[in-house]
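Q: Not my notes, these are from TrEMBL:
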TRANSMEM  6-23  transmembrane segment
TRANSMEM  55-79  transmembrane segment
TRANSMEM  85-106  transmembrane segment
TRANSMEM  118-135  transmembrane segment
Amino acid sequence: MIRLTELFLFIGLLTHILLTLFTKVEESFNTQAIHDFIYHRNNWTKYDHREFPGVVARTFVGPLAIATLISPLVPIIKYFGLNKIWMLFAARTALGMAILTSFCCFCRCVEKRFGNRVALYLRLFYAFTISFFVLCI
């Protein structure tokens, strides 16, 4: 069952995604990799990292997972004639949800080991820490 503080974290995540429309420098490589996986697929010559080879190859594992998760949305986005920014929102939401899910699992382990109050304070602390959401997406 979802706890109220977990729901609070989810609302905070979605609010952050909607209010911070543009990507940070740290996430730009991953964002570009997700874009390349979704829109260029097997056409490796169009991948951005071929022109800018500074990115380490193993950093593509995460973007590949996110791109795989959200790729079914591409036909829907195209059908409605929506801008690619909606795929960016989808990618950031998928990444944020993956991180938030693992964080909530961690909090439940903390709850089993240290009790409800410690887990509650842990979730509330991160809910009010803006850097948590900045680092999530």
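Glycine is no exception: its Cβ is also placed from the backbone N, Cα and C atoms.
Nobody curates TrEMBL annotations by hand; they come from automatic prediction.
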Q: Apart from its near flanks, which chain residues at least 6 from the ends of the transmembrane segment (55-79) lie with a Cβ under 8 angstroms of it?
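A: 29-31, 33-34, 37-39, 49, 86-87, 90-91, 94-95, 98.
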Q: Looking only at residues six or more beyond either end of the transmembrane segment (118-135), which have a C-beta under 8 A from one in the stretch?
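A: Same-chain contacts beyond the ends: 3, 5-6, 8-9, 12-13, 16, 20, 24, 96, 103-104, 107-108, 110-111.
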